[in-house]
């Protein structure tokens, strides 16, 4: 209880200092009683915004999340895209039922009609959604000495989930060298992205791997277990493949040489250069006239 009381006193001091400094500078004061709001999905949410020092205040609310920006309230009225689920009051805006898409930063902007006085404050809304079952990509085999990447992700958790890896049911530490059970392995683990990288892969890395997603809300979710085998490079198989390729190439060269010795290529050449003879019938000729009309074309 003492901690809550101290936090309340700090909040009151901040509010008082904001109001006094704004009045001293001749500006309006805009503040919120709860700058960080966390609400489960499908529940109502109140975003507070209070102000003072405005003769005729005009209130607007803006929403921003990543590249998305939209206007929730304009000139003290909720915009059409939010009208069916948000209400406006002079103390803030209220969502009747929030969805995960409502997560983001809401800025309350207050000005007077003349535009001489202006102030704003931001409220972070986080819609709480438990994580779903994560999807993993784990190679079934990895060559010892190479680099292997295992990934884990899920799309529903809000706030975003953190990811923890397990090998044969034992949670993998961030620093393998500091743990006796994992000191023979060399890997890096990113709990934010869910990526597990072995570099290089060792024989000890053979085992069943699972990934767990958790975000502090709802139950943690685990993936299916997938086994990864760490194996030596199959040098014998590579050598055998090279030998088979060389033998086949040798048979091909021998076949071409045999066909050449048998004269198959010469016969083909002679067949394509054989002569053609065309005979034409002699035309009728008049008496006393002799003309050669038969011709041979070679």
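Here the Cβ of each residue, glycine as well, is placed from N, Cα and C on the backbone.
As given in Swiss-Prot:
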type	residues	note
DOMAIN	29-126	domain 'Ig-like V-type 1'
DOMAIN	134-227	domain 'Ig-like V-type 2'
CARBOHYD	184	N-linked glycosylation site
MOD_RES	280	phosphoserine
MOD_RES	286	phosphoserine
TOPO_DOM	29-237	topological domain 'Extracellular'
TOPO_DOM	259-298	topological domain 'Cytoplasmic'
Please list, for the domain 'Ig-like V-type 1' (29-126), how many residues fall into helix, strand and coil according to DSSP. 3 helix, 59 strand, 36 coil
As a quick check of your reading of DSSP, tell me how many residues in the domain 'Ig-like V-type 2' (134-227) are helical, how many are strand and how many are coil. 9 helix, 41 strand, 44 coil
Any idea what the model's mean pLDDT is for the topological domain 'Cytoplasmic' (259-298)? 56
